[in-house]
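Database features (TrEMBL):
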BINDING   A:Asp9, A:Ser10, A:Tyr41, A:Gly42, A:Asn73, A:Thr74, A:Thr184, A:His185  substrate binding site
ACT_SITE  A:Cys72  active site, proton donor/acceptor
ACT_SITE  A:Cys183  active site, proton donor/acceptor
2 protein chains.
Amino acid sequence: MDKAIGVFDSGIGGLTVVKELLKLLPHEDIVYFGDTARVPYGVKSRETIIKFSLENTLFLLQKNVKVIVVACNTSSSLALPVIRQHFKIPIIGVILPGAKEAVYATKNGRVGVIGTRATINSGAYEQEIKRLDNKIKVFSQACPMFVPIVEEDWVNDDIALHVAHKYLAPLRGKNIDTLILGCTHYPLLKPKIHAIMGRGVRLIDSAQQVAQEVRQVLIQEGLLSKNKKKSTREYFVSDEVAIFANVASRFLGEKLKDVKKAGVC
Amino acid sequence: MDKAIGVFDSGIGGLTVVKELLKLLPHEDIVYFGDTARVPYGVKSRETIIKFSLENTLFLLQKNVKVIVVACNTSSSLALPVIRQHFKIPIIGVILPGAKEAVYATKNGRVGVIGTRATINSGAYEQEIKRLDNKIKVFSQACPMFVPIVEEDWVNDDIALHVAHKYLAPLRGKNIDTLILGCTHYPLLKPKIHAIMGRGVRLIDSAQQVAQEVRQVLIQEGLLSKNKKKSTREYFVSDEVAIFANVASRFLGEKLKDVKKAGVC
């Protein structure tokens, strides 16, 4: 049996990555795990995020996967080195693809990064960008309220604009031409972020780049599916399915089928 | 050795109850558990909230407690009957004390309730109020964004006022004279809620009533401490201590000492 691509996230935001994988690699089977019982990760400590991420990895490994995508910026920022250290399977995070794209996109060498508090405090994006080009200046800002606003479906409300203004004001004076949306929820706020930062600032949403990276790794490792039949998708969540399915279709862009509950802890 | 009062919450909000317990029962030892690794509960399912609440109860039982206070509105709303069904120890929730106080306070028989989505969807406050006096009309409203606003320390920001206005607008037309703050975070938003609902609406924050209820139960069961020495307090959290201690003092009204990390899952 062909092995699947495993994807995990703290919750449902990682479905934006699944959406791009379905487009780019339509013949690959996918197993998704969303840790909806313990979401969010972005306000928690490094140690806890690593523990949860290792458990999620272990869950996916038992589902017969050939590669694991950490489709969560917080997990990728804090847990990726530890996951890679312990497991043999290829692991792909979302930080490097986003950082690469930002380095490629910026003309003036001034890049902004927004994300959860844990992601921003980790300095992960800044490190990757500096490793790729150490002349680039990076300006970071945590935006903890963006996730609740997306989950509350207030993205078109004036409150979203006020909140975005409050967080982004410090970045507006920095003359950045590129802004990394370092959390899978943030692309849903693109119109508000554009309205505040101006159309001249390019917004980097790494989901497409992550899918490209997955394709590269599968080719390199000789793991691309030779299957031409319709691929399968399985979705697992740690909290009740009903709670998850409601919001999930906004991220995936289509209705979810075959969602099952699975306990990791 | 004297047994302690055990208190648990999904996170740190339950410290508002500890604060009142320390005032009313200064000679009682207290063991607190905050499930900061899995916080919040209010957006999660009944089944998950029950599972976590049972695990928290089990944790406190191993700390030699004589009574357990479920200092979390979401846990109290959804898990209290199941906890009581399984464990012999007296269990005190926050719903009945708040409901009693509201029934006592209302003059016109029109009471509002605000809380997390899980608390409001459970209908727990409405049921308790109706059981006490079935002529009272109850109007409920979930306010999911209030917790992130308190945790982000934006209670004095205009955004808090906008958000409060958005949630409370449907309650303003209902001619209520009493409003239950059905989440331990909400008392920190009292000034904004007062500004919108008007001074004529009495805000019920059940922490004081819960402390009274604990005292009653300890007297009834012959469990009041005979100790006149200074009592002890132990605080346990499931995520890193540093993350917890920062915000916790705002709820407790004093600096926390002796906070330890403890894994429940």
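Glycine too: its Cβ is placed from the backbone N, Cα and C atoms.
Structural mapping of features recorded in TrEMBL.
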{"residue": "A:Asp9", "record": "substrate binding site", "contacts (Cβ under 8 Å, 6+ apart)": "A:Leu15, A:Val17, A:Tyr32, A:Phe33, A:Gly34, A:Asp35, A:Ala71, A:Cys72, A:Ser75, A:Thr184"}
{"residue": "A:Ser10", "record": "substrate binding site", "contacts (Cβ under 8 Å, 6+ apart)": "A:Gly34, A:Asp35, A:Arg38, A:Val39, A:Pro40, A:Tyr41, A:Gly42, A:Phe52, A:Cys72, A:Thr74, A:Ser75"}
{"residue": "A:Asn73", "record": "substrate binding site", "contacts (Cβ under 8 Å, 6+ apart)": "A:Gly42, A:Val94, A:Ile95, A:Gly115, A:Thr116, A:Thr119, A:Gly182, A:Cys183, A:Thr184"}
{"residue": "A:His185", "record": "substrate binding site", "contacts (Cβ under 8 Å, 6+ apart)": "A:Gly13, A:Phe146, A:Val147, A:Val150, A:Glu151"}
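The substrate site is defined by A:Asp9, A:Ser10, A:Tyr41, A:Gly42, A:Asn73, A:Thr74, A:Thr184, A:His185, and by the 8 Å test on Cβ atoms against their centroid, the other residues of the chain that qualify are A:Gly11, A:Gly13, A:Gly14, A:Val39, A:Pro40, A:Cys72, A:Ser75, A:Thr116, A:Thr119, A:Val147, A:Cys183. Each of the binding-site residues A:Thr74, A:Thr184 was scored by the number of other CB atoms within 10 A of its CB, and the lowest score belongs to A:Thr184. Under the DSSP three-state reduction, A:Asp9 (substrate binding site) is assigned to strand.
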